[in-house]
């Protein structure tokens, strides 16, 4: 039997032979390498998130007291990271195809480290903005590369893998500010940036020492246009427009932006809203309420594979947006669910977590499912970058909309 008669899968498992177009089962050694790459990439993902968001509790206070910055200016500083990440996202899609996963992931780690240390030692607004932007560039590279690698490594388990990845990300979002606040209290402003950057460099060294080389994507069979016979194409770089022409991808990128913007919308206004609705709320209780959506999101995320199997992915995404909208109406409260204001607010926050999970976690698996096999791995790399770009866009616009519409 010749090669052209064998079944071709452009998303064949990573670490399999690239000299044959026929998928094959992985050996135990290949499975072990694949599991190690999962651990390595998720560790990098977790440490990056922890590093980028550890400053949230203490930087606003420090900036006001030591540098006399206004709330609006501090908001701009925070927004510079997702803005830079959004701009960098499509570029990252090309870099993944041209330079490879390892180079992009390593470059992302370098930018994150430089941006973090530079931010920690800045004394002026220009420095904060420049180094926050450097963090955004690094985040775009790290997030996009990690998602693309997971899609390439686990084509048949991608939904479960992305559910795990989002759970890990939630832990990073929760632990980052806690660790940052503790280190700030112990050693002052510079301490958290120095300590966490050292940890970050440790992960980068481990990654360089133990990285499993990823073979080039298999070439795609194309018709020669004369008689229907097939031949192997050269390597093709998939562009942004080629991917966004697929309607399901464009809509899903917008979905990721909407979901990401929701919590950003809440961040500038929730504290004052809770004080108005609930009365005198202690800082500790305020922190617990902010963390409550993460609990319901974690539970919903664990059930995502079963949820999408029951409802399908696109229905789950649509319901996620509807549930997120219901959480805003309940928070207002336009929709009254209880005469007890505490119950009312907790229900709203719980719905926000569920809506976030349903409207976010299935995004990448759903987009990848609809990619024609002949587009190959390059399309998956670009989709990964655009997905994270959409999330960054929402993260940047959310606080601006929240502050302006409720101010």
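Glycine residues also receive a Cβ, built from the backbone N, Cα and C atoms like all the rest.
Automated prediction, rather than curation, is the source of TrEMBL annotations.
Taken from TrEMBL, the feature domain 'Major facilitator superfamily (MFS) profile' covers 37-407.
Annotation comment: TrEMBL describes 35-53 (among others) as transmembrane segment.
Feature annotation from TrEMBL assigns transmembrane segment to 73-91 (among others).
Annotation source TrEMBL lists transmembrane segment at 98-121 (among others). Sequence-distant contacts of the transmembrane segment (98-121) (same chain, six or more residues past either end, CB-CB distance under 8 Å): 41, 44, 48, 51-52, 55, 92, 127-128, 130-146, 148-149, 152, 189-190, 192-194, 196-197, 200-201, 203-204, 207-208, 211, 213-214, 237.
Annotation source TrEMBL lists transmembrane segment at 133-155 (among others).
For 167-187 (among others), the entry in TrEMBL reads transmembrane segment.
Counting only same-chain residues 6+ beyond the ends of the transmembrane segment (193-214), those with a CB under 8 A from a CB of the stretch are 14-15, 33-34, 36-37, 40, 43-44, 47-48, 50-51, 54-55, 100-102, 105-106, 109-110, 112-113, 116-117, 119-121, 149, 152, 179-180, 183. Annotation comment: TrEMBL describes 193-214 (among others) as transmembrane segment.
What TrEMBL records for 249-266 (among others) is transmembrane segment. When Cβ-Cβ distances below 8 Å are used as the criterion, the transmembrane segment (249-266) is approached by residues 243, 293, 317, 320-321, 324, 327-328, 331, 352, 355-356, 359-360, 363, 366-367, 370-371, 383, 386-387, 389-399, 401-402 of the same chain, each at least six residues removed from its ends.
The transmembrane segment annotation in TrEMBL covers 286-304 (among others).
Sequence annotations record features per position, and here TrEMBL assigns transmembrane segment to 316-335 (among others).
Non-local neighbours of the transmembrane segment (341-361) in the same chain are 159, 162-163, 166, 255-256, 258-260, 262-263, 266, 274, 277-278, 289, 292-298, 300-301, 304, 307, 316-317, 319-328, 330-331, 333; each lies 6+ residues outside the stretch with a CB under 8 Å from one of its CB atoms. Annotation source TrEMBL lists transmembrane segment at 341-361 (among others).
A Cβ distance under 8 Å defines the sequence-distant neighbours of the transmembrane segment (73-91), meaning residues of its chain 6+ beyond its ends; these are 52, 56, 59-60, 63-64, 125, 128-129, 132-137, 139-141, 143-144, 240, 268, 382, 385-386, 388-390, 392-396, 399-400, 403. Long-range contacts of the transmembrane segment (316-335) within the same chain, counting only residues at least 6 positions beyond its ends with a Cβ under 8 Å from a Cβ of the stretch, are 252, 255, 258-259, 262, 266, 273, 304, 307-308, 344-345, 347-352, 354-360, 362-363, 366. Ranked by the number of CB pairs under 8 Å to the transmembrane segment (133-155), the listed stretches 35-53, 167-187, 286-304 are led by 35-53. If you average pLDDT over the domain 'Major facilitator superfamily (MFS) profile' (37-407) in this model, you get 88.
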